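Quick notes on the structure that follows.
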Amino acid sequence: MTEAVQNVAQPQIEVENLNLWYGEKQALKNISMQIPKNSVTALIGPSGCGKSTFIRCLNRMNDLIKNCRIEGKVSIEDEDIYEKGVDVVELRKRVGMVFQKPNPFPMSIYDNIAYGPRIHGANKKDLGGIVEFALRSAALWNETSDRLKSTALSLSGGQQQRLCIARTLAVKPEIILFDEPCSALDPISTSRIEELIMNLKKDYTIVIVTHNMQQAARVSDYTGFFLMGELIEFGKTRQIFHNPKEQSTEDYITGRFG
């Protein structure tokens, strides 16, 4: 049973009756959700509950998995992203993704950021401005402006994760998916990423998967609780954490299981 927010202000992503199977195993069951524009939506739940599988449906990353089958509808700005003829490369430009562990390319800081724009045909003379914009947006410019030609692998873990965020921003997405972006970081780096996420929602719609419920409470406007492939409850974060409608939501948030 799902308590979902209906008719939210400016839904940018609408998911209707989404089901997903890996071979014979069903991993997502009848998920419906509206994700508002220019907001942070956190997805919480125990390991293996379907959170990461769900966000990979939003940019069709699950297409890369053998024997993965999807039914249902996922719309972004009223466009069904699973319709025939959808340009998946363009979709993944619109819907960027930041992964659990920082994954900088083995090249310079500059080339890490310029890589995506080059692929998408950016003019060479514009690349410098794009790189600066992305690094400033990811709060990394002041720490890297004097060493753009240095290898990205020389950055600290927290800096590498902000570099990955900058790399995503460089191709001008509309939506950014974060899959446990702070799980490999220390508390100071985590705090910087959280502050960055809250700043980015002015210009982007953000969906974050996290096992850290305190993080979900700090950064998100909306929260969805997943359990065994089902969306149990979805609503404004304050309501989910202070007055959940489902007993299993309350049990998870209060640490009775997880």
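We count from 1, first residue shown onward.
Glycine is no exception: its Cβ is also placed from the backbone N, Cα and C atoms.
Just so it is clear, the model here is predicted, and its values are computed rather than measured.
Annotation source Swiss-Prot lists ATP binding site at G45, P46, S47, G48, C49, G50, K51, S52, citing sequence analysis. Counting only residues at least six positions away in the same chain, no Cβ atom sits under 8 Å from the Cβ of G48 (ATP binding site).
What Swiss-Prot records for 13-253 is domain 'ABC transporter'.
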Worksheet item: What other residues of the same chain, not counting G45, P46, S47, G48, C49, G50, K51, S52, have a CB atom within 8 A of the CB centroid of the ATP site?
Response: T53, F226, L227
Worksheet item: DSSP on S52 (ATP binding site), three-state: which is it?
Response: helix
Worksheet item: What number of additional C-beta atoms lies within 10 angstroms of the C-beta atom of S52 (ATP binding site)?
Response: 19
